Amino acid sequence: MYSSFSLTPGTMTSSEHKGLKLKREVGLISAVSLVAGTMIGSGIFMSPQFVMANVGSPGASLIIWAVCGLVTLCAALTYAELGTIFRESGGDFIYILKIYGPLPAFFVAFTLIIVRKPASIVAIALSFAQYAVAPFYPGCMPPTLVVKCIAVVCILVVATVNMLNVRFAMAIQVIFLVAKMVGLMVIVIGGIVTMAQNGLGSLGNPDIVFKDTTLGLSPIGMALYQGLWSFSGWSNLIVVLEEVKNPEVNLPRALMIALPMVTILYLLVNISYLAVMTPREMMMSSAVAVTWGNKVLGKWGWLMSIAAALSSFGTLNGSFFGGGRIAFVAAREGHMPRILSMAHVRRLTPFPALIFTTIIAFIVLIPADFRGIINFFSFTSWIFYGLTISALLYFKMKKSDLPHVYKVPIFIPILVMLAAVFLVLAPIVDKPQLGYLYVTLFILSGALIYIPFIHFKLCPHLLDKLTVVLQLFLEVAPADKNV
């Protein structure tokens, strides 16, 4: 058996695990579904009112959504080039490891695995639960215990699907993407019908389109954060790159299909919202899609709650698929317990990493309110994006001899770098809060784990024994890189 942090084999012979790899099951359609299906979640059903509340006018709101789409597309294309240089799973972690070394990479893995990914999974599961039970509690908030119990069941179902079969998980992703598209097309078509009957609403009045626009540093930054939350998930495909068929072709192609499609759809949905509701109605709404449904669909307005629930479930499946792989890759590089780098010998899925992600998600679910954690940790996304994109700039300027199957013009990563700097500094400079300091200290506290257990490779003997027991019980073995 393999010891928990050691790469030295023990009782298992090389012939027993030689060649064990995660299979390349993600084709172009599945790749597009993974990107678009993870992005289209509860955000587009809820975030528009927060974007509107921050910038103050319909016109500025649409500009923010367009900018979010453009920034996301540029970031995705930049990552696509890195993905064709280093054809390994892991995303930010693996790229930062290659250029900045093991300690910064461990900070990334530590933050993603312990807080950001589990908290995101829980937030999505709670969104699903809230929308799923909303029709049964008209006019009031559903009990917290009921919502959390449904969220637990939802996480268990998605975790089980991802543990059993990659192809099945991708089939679910495709099916739920179709369901999401149908739900959003209902909103788009409803908006077109409303505009044909009643005009463009607030968008058709030049006195209202940009009235009350707020141009401060903080409101624009917060509006971008809210909009970009609805685009989050675009990097999932890079995280699972070793499971993508023909990645040098399908990676950039999937991103070029999914990102413009989602951006155009989001703009059309927002135009529909603005055609039906006044800016004030949008800002006062707790769930703008449900308010839209009640005004346009009447007694069938509850269908928007179901559409939002389906969107959340599909996003949860995609997030779980990518989230488990981060722990898997980090462990494979020696940055997490070795058991997490193992795959099921028959199903070829990262069983232990997915189980670990599930357990951490359940722990995050326990507190009454963890959304503050998500808000303060969300700005770390753009710290990591900025570091990763700076790595590409380094390779473009200093390592031009590396194979580049796919290239982006250098101004694209530079633009994304500038956006990352703005998004990291804007909330801190304009409205400094202790929460950002606590988050920074938490990230740096990872050094207390890295120095003894990763750098000096200290490992309790009990952990070695536990690794052997779990390896036998879960029927898992070390997995090689599939590059």
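Cβ atoms are placed via backbone N, Cα and C, with glycine included.
Because TrEMBL annotations are produced automatically, they should be read as predictions rather than curated entries.
The feature transmembrane segment, as given by TrEMBL for the ranges 281-303, 373-395, sits at 373-395. Same-chain residues lying 6+ beyond the ends of the transmembrane segment (348-367) with a Cβ under 8 Å from its Cβ atoms: 20-23, 113-115, 117-119, 121-122, 125-126, 148, 151-152, 155-156, 159, 162-166, 320, 323-325, 327-328, 331, 339-342, 373, 470, 474-476, 479.
Fewer than three CB pairs closer than 8 A are found between the transmembrane segment (407-429) and the transmembrane segment (26-50), and contact between the two stretches is not assigned (pairs 6 or more residues apart). Using the rule of three or more Cβ pairs under 8 Å, pairs at least 6 apart in sequence, the transmembrane segment (170-193) is in contact with the transmembrane segment (26-50). Listed by sequence, the residues of this chain that lie at least six past the ends of the transmembrane segment (26-50) yet keep a Cβ under 8 A from its Cβ atoms are 61, 76, 124, 127-128, 131, 166, 170, 173-174, 176-177, 180-181, 184, 222-223, 226-227, 229-234, 236-237, 240, 243-245, 250-251, 253-255, 257-259, 261-262, 265-266, 269-270, 273, 282-285, 287-290, 304, 307-308, 311-312, 314-319, 321-322.
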